[in-house]
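These come from TrEMBL:
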BINDING   126, 127, 128, 153, 169, 173, 322, 326, 327  L-histidine binding site
DOMAIN    1-55  domain 'WHEP-TRS'
DOMAIN    57-389  domain 'Aminoacyl-transfer RNA synthetases class-II family profile'
């Protein structure tokens, strides 16, 4: 009798033969032997027990969870479409070289796939790099698009906080050469719109600019070669106190304590137009070309956001760094705020739910002639939002409908299956969402109970008398009121009753 070790050894022998391009007959013989050993193993009483779990960092979604999720998607898509976006899709995996070198220190989180058919592939890490590749490949210089799809990160995530290895991103991007800050302001308006619509509670959208950061690093004495790595340290300020970030910069990344202290003076500042004006007068920053450009655009951005009426939720925050390598200008991140308790005015952040920024150089990396297409975009963190709404539904014990069925076709007597099927076909053909129980002679009580359990609002009852009179008895499940409706008017009556808010 074969054991598992013997099967593994035989499988390895087959693999080697294939690798050495051995005689096909010999390979076939060894494969047959392997299959026989596997069959013996399968018949063994102690056969392999399946571990019934989803892989780490992933989850299944029940119908109830999917109903909540669809609600969120609909709100997001409605906003994207309101702003004139088209929709695209790209493959779930890309050539490895497409993704390499675009994510800074996060590149280690990319999932590489085994070589299949001579191509080195990786699962997409986000939707932005595939979008840039799509633009360059199709020579597109102007598009406003949204893309909702799954992305993959080889992370050790805290699933309780809505972080996963496989998760959805909802991206909106504007590509094209336009006057400064108008598309950027629209992206921030969209974030504001979606978070307000979903009623997640108080939120804040932090805004900064990569040029202001780079100018600040330069005047603080950070060497060019350390810009990106120091940037990723600053990005941790929302999770770690300044002292810990400083220790990382000095201890792990070799920055001088003086440079770190200079950075500390700036990155703890946040405010609005007044802060921008103050920094434009700052003796050091105003001398740096990059920082001055960034501050000038930031001022313009705030003027547009004032016109949109959303500056109350926006904060210019010098600690915002966003670690991705491809950002070139404005960067932003939306965080949900939570009151610590009723007596304290101060709000605490409970995590990022959206982020984005301007990336003017990414498309040029893919274009054979290096042609640049300026882009700005935002990504909505659907998983975090979904976790919050799911917890809220659990706490409120709100009953969530998992189907959209408008009416159940039922019968009051036996031997009416054919009549039920005829009627439901009429309803389906008219576009009505209808169900029927899969029993020849179900009891009326069971049919009504099914409606109660699933939230179906109406029951269309056919009985011998109704058939004679050419009517259908329409019952409102909630009020238990019944009316006879002519067969020809039934569709219209159901539509009217189910379209009420």
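Along the chain as shown, the residues are counted starting at 1.
Glycine is treated like the rest: Cβ placed from N, Cα and C.
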Longest CA-CA distance among 126, 127, 128, 153, 169, 173, 322, 326, 327, per record bound to L-histidine, angstrom: 21
Among 128, 169, the one of these binding-site residues whose Cβ has the fewest neighbouring Cβ atoms within 10 Å: 169
List of residues, in chain order, with Cβ under 8 A from that of residue 322 (L-histidine binding site) and at least 6 apart: 235, 331, 333, 355, 357
For the binding-site residues 126, 327, the one whose C-beta sees the most other C-beta atoms within 10 angstroms: 327
Residue counts (helix, strand, coil, in that order) that DSSP gives for the domain 'WHEP-TRS' (1-55): 36 helix, 0 strand, 19 coil
